[in-house]
Amino acid sequence: MKPHVVVGMSGGVDSSVTALLLLRQGYRVSGLFMKNWEEDDGTEYCTAAQDFADAKQVCERLGVELHTVNFAAEYWDEVFEVFLSEYRAGRTPNPDILCNKQIKFRAFLDYAEDLGADLIAMGHYARVAEEEGRLQLLKGCDPGKDQSYFLYTLQQEQLARTLFPLGGLRKTEVRALAAGAGFANDAKKDSTGICFIGERRFKDFLARYLPARPGDIRTPEGVLLGRHDGLMYYTLGQRSGLGIGGTRAGGQEPWYVLDKDLARNVLVVGQGHDHPLLYRDGLLASRLHWVDGAGPAPGEILRCAAKTRYRQSDQDCRIRLIGEDRLEVVFAQPQRAVTPGQSVVFYQDDCCLGGGVIDLTFNADSRADAA
């Protein structure tokens, strides 16, 4: 008898086709819908009811039992509190990565086991392969949808219990399968925004939880250009929302966020998408995780590729451990808008090696100080 697989059903097309494919492969399939956010009183941003209705329609069409679970408390404690603390410290976090680590592949897996699951499955565009007795996390075959960047914190035990049926497919193929199966969500828009919280006016949302500290907007030379509403609302390389136009000296070229001076509460801006101060030669990262459970040896210099944000092309680099949980990354070419709080994820060809959280960035002339 084929194993029992519990599929994370979100109401979207990816999880729906995941369940469809597993049924066609002969697995015994159940669905599990997660509700992880309860803070909004009204329905302004609420899509959970529609998502559940879509998941229910798909499961009924497939003849699959759909369970529901509320992980709102776990999400608040393990994901959202960390999200807020990172913004409070002036960094820009990636909650999707933490959500995968703490909710989708920990709390969900534990609950699925209580339902009698042998395996779980998710609609992520990624693959798992075995090499010399260890499991590898591989990129999805659709380069525009590959989600391995968000999955680098997965452990061997989690990979061994997880199926990614969409890893070898392109998004167009997934939508075609959904349409062929008669799913009403075959053309449903991909979810965006904060994991499980969704799309919303981010500035208004963040202000509900963190007090803003307005301050000056200045050029690197110290010229005062205006006022910002709070450093937490801005990220490196950002163009829109600055509220400043051209200057007599600088012309009408757009302004970009170059730095956030936390000590002085100053937003540093400059003109030009490729302003030199937006580029860094390297970074230091911590909170490291290696998919194979080992990673490079202390002192070893590993040449590989890295991404410092989702959908970035692979960037050649060399990495070395400089402490038990700290890593130095030096890029072959300077990188634009490398942002503390985001994750740097490492690859060799299609294989995701692991990654960590960016602590700070440096240029070659300041490397000694950074280390």
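Along the chain as shown, the residues are counted starting at 1.
Cβ from N, Cα, C; glycine included.
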Residue from M1, M34 that Swiss-Prot also lists as binding ATP with G8, M9, S10, G11, G12, V13, D14, S15, G123: M34
Cα separation, D14 (ATP binding site) to H124 (site 'Interaction with tRNA') (Å, whole number): 7
Cβ-based isolation winner (fewest other Cβ atoms within 10 Å) among the binding-site residues G8, G12: G12
Cβ neighbour count within 10 Å of C99 (active site, nucleophile): 23
Distance from C99 (active site, nucleophile) back to D14 (ATP binding site), taken between C-alpha atoms, in Å: 18
Rounded Cα separation (Å) that holds between C99 (active site, nucleophile) and M34 (ATP binding site): 12
Pairwise C-alpha maximum, in angstrom, for the residues (G8, M9, S10, G11, G12, V13, D14, S15, M34, G123) that bind ATP according to the record: 16
